[in-house]
Amino acid sequence: MNTATIWRTTLERLELEHTQIDAVSKAWLQDAHLLTIPHVAADDIDAPLDAQEQGVYFTLQVPNHLARDVITTRWRRSIEEILKELTGQAVTLSVTDERTEGLSSVPEQPPFEEPLSHAASQSTDFIITKNNYGSYDMAPETTMPSEFQYMTGNSGSNDSLEDWDNEQRANILMHNRLNPRYTFDAFIVGNSNRLAHAASLAVAEAPGESYNPLFLYGGVGLGKTHLLHAIGHQGVLTGLAVLYVSSEQFTNEIINAIRYRTTEEFRAKYRSVDILLVDDIQFIAGKESTEEEFFHTFNSLHEMSKQIVICSDRPPKAIVSLEERLRSRFEWGLIADIQPPDLETRMAILRVKADLLHYAIPDEIIAYIAGRVQTNIRELEGCLNRLMAYQQLHRTDLTMDVARAAMSSLGNDNRESRLDSRQIAQAVAEYYHISLAAMCGKQRDKHIVVPRQIAMYLIRQETQASLFEIGQLFGGRDHSTVLHACEKIERTINTNPTLRREVSSIREQLLRE
Ligand SMILES: Nc1ncnc2c1ncn2[C@@H]1O[C@H](COP(=O)(O)OP(=O)(O)OP(=O)(O)O)[C@@H](O)[C@H]1O
C-alpha cells in the first residue's frame, strides 16, 4: 500500500466513522497530502524494520495555518487511530501547513504544490460557525448586495481618502491605545481559544486577504480584546494604519460628528485605515445612526480589502435588534468563538503571568487558584494580583494557608460555607471509584489510603473543619494522622503533576456543583 492509497482509505474510514464531520474539515482533508519520513516509508510497512517497533511517522500537509490547527485539534487522534489499524503499527502523525523537504510523497499523485497563501487558500469566503454538535459548519459566500455601492464610487470618498495624509495616519497610530501586554507572544493557546487565535494570527499576517471580517466572540474576560490588540500590534509593526475602537467610542464619535457637522472627517478617518478593530460590537445594536454609519464604513473598507476585526460577547445571530444587513456582513468572513479555558490552560496562563511579574509561586498554589476561577481570565489574573498584594501587606512567605487567606479575606472565596466535609469525601470517593464507607474505614490498601489522604487534605483546605473533626469523619483517626496526611499530599502535589491534576479536577468538580 502506498501513502496515496493509505490516505484515501483513511479518509473513507474517517467519513464513515464520523458522520458529523464538518464541511470545512472535509474540504481541507480532501486537499491534504499524506507523507512519510523516507526511512520509515509506508511502502515498507510490511518489512520487519526497526520502524516496526518505533512505529511509522506520517506527516499530513494541509493548505493553511487554520486547517493545521483545526485538524490537529479535532481530527488528528482519529486519523492516527485509523492509520494504526491500516498499517498495523504504532503511528505518529504530525500536521503541517508547510512544505516539508525530504518527505516521501505519493508516486501516483500530481507533484505537491506550494502551500497556498492565506489569500489563495481561500478562494471563496465562507462562514464557519459551530453547530449543535460542536463541529464547524460552512456557508457559501454571500453575494454583494446593492447597498454596497454607498460611498465607493460617486460619493467622492476616495478623494477624501487621498486627502487623508500621512500625518493624520500617523495620528491614528499614535492615538491607538493598544495595550503593550496584549501580544500574540503573551497569549496562551488552549483548546478553548485555538481557532480564534489561529484566525487572528492569519489575519495579522495577511490583513484583508484571508478572513474578512474576522468576528471573534466569547464570554467576559476570555481574551477577545487581547487578540484584537495583538492583531493591532502586528499591523503597527508592519507600518499599517491600525485603528482600535470600542463600539461606544465609535458611537460617541458619530454623535459628535453629527453635532459638529464633521461627518466627512469622521468618514475619512475611518476609511483610511488598513486594519479596523472594533471591540464589543454588540453595543451598537439598536442605535440606528451608529449602525447606519458602521454599515457604510464596513462596506468601504471591505471593498478596499482593508481588514476588519470585530469582537462581541455573542455570535452575530444572537445580537438582537442588530440590523439584518449588518448581521449578514458580520457572518461574511470567519466567525470564531472563545470558550472558557480548561484547567491546564488556566494554570499555564497563571504561570506565564506570574513569571512576567517575577513572582515565584509554587505549582500547588497555581493549581489552587486555577481550580477556583473557572470562567474568566481577568478574574484569574485578579486573584494573582490579590495574592501578591496580600502577601506583601502581611510580609509573609507564600504558603497554601496564605493563599487561602488571601482568597477568602478578599471576598473571592465563599465556597467554605457551601462545601461540607462529607460532600468533599464523597466527591473524592467517587473520583477514585471507591466507596465512601471504605474510604472512611480502616482499610490500609494503597488504592484507599491515597484517596483518603487527598480527602483529608481537601477538607482541610476547603472547610473550617479542625484536624480533630476530620479525624472523626475518617473512623476516629488521631489529629496527628490527619496532619501527616495533609502535609504529605501538600508536598507530593508540588512534585507530582498527575496528583496535582487529580486534586485540581476534584476541586473543580466540587466548585461546579
Ligand atoms: N489565552 C490567554 N492568554 C493570556 N492571557 C489571556 C488569555 N486570555 C485572556 N487573557 C488575559 O485576560 C484578561 C482579560 O482579557 P480580555 O480583556 O482580552 O477579555 P475580553 O474577552 O475582551 O473581555 P470583555 O468581554 O470583558 O471585554 C487580559 O489581561 C488578557 O491578557
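Heads up, the Cβ atoms here are built off N, Cα and C, so glycines get one too.
Feature list (source: TrEMBL):
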- 1-120: region 'Domain I, interacts with DnaA modulators' (REGION)
- 98-119: region 'Disordered' (REGION)
- 210-336: domain 'AAA+ ATPase' (DOMAIN)
- G221, G223, K224, T225: ATP binding site (BINDING)
- 392-513: region 'Domain IV, binds dsDNA' (REGION)
- 420-489: domain 'Chromosomal replication initiator DnaA C-terminal' (DOMAIN)
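Overlay of TrEMBL feature records on the structure.
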| residue | record | Cβ neighbours (10 Å) |
| --- | --- | --- |
| G221 | ATP binding site | 18 |
| G223 | ATP binding site | 25 |
| K224 | ATP binding site | 25 |
| T225 | ATP binding site | 19 |
* What does DSSP give as the helix, strand and coil breakdown of the region 'Domain IV, binds dsDNA' (392-513)? -> 86 helix, 0 strand, 36 coil
* Asked: So around the ATP site, G221, G223, K224, T225 aside, which residues have their CB within 8 A of the centroid of those CB atoms?
  -> G218, V220, L222, H226, L227, C311, I338, I377, R378
* Asked: Roughly where does the domain 'Chromosomal replication initiator DnaA C-terminal' (420-489) sit in mean pLDDT, to the nearest integer?
  -> 90
* Tally of residues which DSSP labels helix, strand or coil - the domain 'AAA+ ATPase' (210-336) -> 66 helix, 24 strand, 37 coil
